[in-house]
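Structure, as C-alpha cells:
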Amino acid sequence: MPLSCPHFRKLLLLDEEAGPLEEELPRLADEGLNRRVAEDLNLQLPNVSIPWTHKVGNFTGLYSSTVPVFNPKWQTPSFPDIHLHQDIINKCEQFVGPLTVNEKRRLKLIIAARFYPNAPKYLPLDKGIKPYYPEHVVNHYFQTRHYLHILWKAGILYKRETTRSASFCGSPYSWEQELQHGAEPVCQQSLGILPRASVGSPVQSQLKQSRLGLQSQQRQLARSHQGRSGSIRARVHSTTRRSFRVELSGSGSNHNIASTSSSCRHQSAVRETAYSHLSTVERHSSSGHEVELYSIPPNSARSQSTGPILSCWWLQFRNSEPCSDYCLSHLVNLLEDWGPCTEHGEHHIRIPRTPARVTGGVFLVDKNPHNTTESRLVVDFSQFSRGSTRVSWPKFAVPNLQSLTNLLSSNLSWLSLDVSAAFYHLPLHPAAMPHLLVGSSGLSRYVARLSSTSRIIDHQHGTMQNLHDHCSRNLFVSLMLLYKTFGRKLHLYSHPIVLGFRKIPMGVGLSPFLLAQFTSSICSVVRRAFPHCLAFSYMDDLVLGAKSVQHLESIYTAVTNFLLSLGIHLNPNKTKRWGYSLNFMGYIIGSWGSLPQDHIVQKIKQCFRKLPVNRPIDWKVCQRIVGLLGFAAPFTQCGYPALMPLYACIQAKQAFTFSPTYKAFLRTQYLTLYPVARQRPGLCQVFADATPTGWGLAIGHQRMRGTFVAPLPIHTAELLAACFARSRSGANIIGTDNSVVLSPKYTSFPWLLGCAANWILRRTSFVYVPSALNPADDPSRGRLGLYRPLLRPWFRPTTGRTSLYAVSPSVPSHLPVRVHFASPLHVAWRPP
C-alpha cells in the first residue's frame, strides 16, 4: 500500500499524535527507513524511456529560449545629467565628520572604477545589435541605435573617434582632463579638454599638434610600405570638426578608391609630399567617423573634378535613378538637409588602442514585467563570465533572511527611495573603454547581413552598382514609418558607430559589486548623520526607517538633499511609503518578522496547480521550480530538507517524477507559511552534547542522559541531542559544540530526520560552546555525578556583514544639529 500524505506527516512527527521523541526521532535516522520511504514516494527514479516534460506552467528550462515580444511603440527613457561628484569623500566628511576606514575604502573603489580583463574577444560590428526580433529587424535597429545615442548624449558612453581618441558629452572628471589630446591643448583652456577647433584652421597646423606627429607618421609609412600589397593611404581621422590626426591603413580596407595599378604612384606621392598643400579629395568612410585624405597632384585629372565624391550610403540615393516604387531614393529626396554623417562630443580624450569592433551585443526588452511602454537596453558581456576570457568577480556580502530580519524587523515606519539609473552613477576609467565596446555596423551592412538574398559582399559595399540591392518594400515601409519618429536622424543612425562605456554597465559582474560598495557606504554615512534613523541598502534599493511618520518625513527631506548634493539622482515619483510593514527584497518585514510578498505566494500556488504527477520533468525545469520553492522554504515546517529529493535529481541531471504523496506533502507545506522571527539576545542555560552511542543534556542545574539503540554518526547524534534539549526544556537558546548543528540548514542529514529536526528546532538560536567547557559533555559520556561549573554564555543576534554599522567618530562641535525638534527617542537607536 503506497504511503499516504497523512501517514507521511505522522512519520515526520509533524502531527500531535507522535510518540515519545526520544524513541521516535532516532528511527528517522535509520538508513533502511529512508530508503524504503524514498522508494515508496518514487524519489529514487531509475532511467526511464518516457519523454521528459520540458514545460510546467510558466517554467521552462534554464537554457531554453523564450520568444521575446517586440513593442514598436517603445519609449526610450530619458536620463538625467548624472554626474557623481569626484570629491564625494570630502563632501561626506563635511556632512558627517571624519569617515571610517571602511567607508573611505569603498568610496575610493568607485572613483574611478577599473576593469582590466586578460584578453577580451573582439567581435565584428555586424554583431553589435542582436537580431532578437526577426520580424522587426529595421525597427529594432533604429530603436536600439536611438537608445545608444541617448546614452552617449547623457555622458554614459564614449564615442570612438579614432583608434586612440574618443569623445563624450557631459562634465569631465579630472582623470579625463589629464588625457587631453596631445602635449599642448589646441586652444587655451584651463581644464585641458580639447574643444572644437575654429573653422578654417589649416590641416598642417592641426597635424603638427597631433600626438603622433609628422616624423612618427613618416616612419610608420616607411615601415608599413615593406611587405604590403595594394595601396596605402594617409587616413586623417576627424577628432573634432576641424582638427585631424594622421594614421595609415593597409590594403585590407573595403573602401579603396585608388586602383591597384596606381598604388605605387599613390604611395610615393603620399611619402614625398605627405603634408604639402595638394589638392585633396575628402571622403567619409563607412565607419561614419573617418575622413580619408587622398593626396593627388594638382595637374591630375582627378583634381579637376567638380566637388567631392559622395561615399555616404544614404546620400548616394539622391544622385541615383529610382529602381522601383519602393526605392529608398524616394525617401532620401524628401529632405534637402539630412544633417551630418556623424556627431562629435563636447570633449575629446586619448584612449588606449581601440579597434572598430565590439565586445558585446545589445538589444531591447520591456523595462520590467509591469512596464511594457518603456524599453530597457540589455548588454551581453557574457564573454567575461565564461570560457577563456572569464573574469573572477569580487564577492560581496548578500544579506540572508535571518540577518535581514534581525536588522529590519522593528516597529519603525518605512519608506524606500528609488535611485534613477543607479549603475550609471559610477564612472569607469577611460582605460577600461577598449574592453566594454558596443555599437553598430550601419544600416546597410546590418540589413545586408540579415538578408539571405543580398548580393553585397565586403569589397563591393557602398558602390553604385549594388546600391539598390537594399531596396525592398519592407525596408521602404519601415523607414517611412520611422521617419515620422526620428526625422533626419535616420541618416545619422544609418552610419556605423563604436561606443565604449564611460559609466559601469549592468551586464558585467563587476558592476553589482561596485554598486553594493557604493550604496552601503552612503547608508553608513546617513546612519551616523541621523542616529535616530535606520538607513539600509541592497544594490540600488535604499530604505529609511524612523520611529514616527513625522520624523521619517523630516529625515527623508534631509537625506534627499544630501544625496542630491553628492550628484545622486533620485526619482521622487517612485518613492514608496510602506508604513510599518516594509516591502524589501521580495519579503514583507514587520515587527512580527518576515514573510514572502504576496505575488510570490501566488506564484507558488499557481506552480502547484500546474505541477504534473507521475510524469518525468526535465531537471532544468526542476531548477526553476526549486528556485521558487527555495525562496519560501525558510517559512515552511520542514524548510530546505523537504526539497532535498529535487536537489538530488538536479545534481544528477536526471528527470524527476512527482508522486501524488510527495506533491501533496509539499503543497501542504507551502499552504501555511510561518514568519521568520527576529532573534532576541539572551542568556544560554540549556546545553546539549552527544557521542555516537549516547546523549546528554544540561538544563540549569539538572543533568540528563540517554543511549541510542545503535551507534550513529556524530553529527546525527548531536542533532538528536539538540532536538531533545529543545523538546524537554522549551528553551530557544541552546549551547552546543557541533558546528554542523549551528548551521540552520539540515540538508546534510538523513532526509526524514532533517525534515523533522527543522520543525522541532524552528526559532531556536545556538551558541557555540567548546567541548571542554560544555556542561553536557559529562552526561553524554554516562558521568552524571560530575558537575562542571555552569557557563553563562550570552547570545547576540548577528546581522552578518550586511549592516555595515559604524560608530560615529567625534564630530566637530561647529556642525549644526541635524534634528531641530525633540527627538522621539531618549537614546540613539542602534541596530540590534
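Cβ atoms are placed via backbone N, Cα and C, with glycine included.
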**Fill in**
According to Swiss-Prot, Asp540, Asp541 bind Mg(2+), and the residue from Asp418, Asp469, Asp618 that belongs to that same site is Asp418
**Message:** Can you name every residue in this chain, apart from Asp418, Asp540, Asp541, with its Cβ inside 8 Å of the center of the Cβ atoms of the recorded Mg(2+) site?
**Reply:** Ser416, Leu417, Val419, Ala422, Ser537, Met539, Leu542
**Mean per-residue pLDDT computed across the region 'Polymerase/reverse transcriptase domain (RT)' (336-679)** = 90
**Prompt:** Counting every protein chain present, what is the number of Cβ atoms, excluding its own, within 10 Å of the Cβ of Asp540 (Mg(2+) binding site)?
**Reply:** 18
**Message:** Just to be sure I understand the packing, how many Cβ atoms besides its own are within 10 Å of the Cβ of Asp541 (Mg(2+) binding site)?
**Reply:** 16
**Complete:** Same-chain residues at least 6 positions away from Asp418 (Mg(2+) binding site) with a Cβ under 8 Å from its Cβ, in sequence order, are Leu570, Asn571, Lys574, Thr575, Lys576
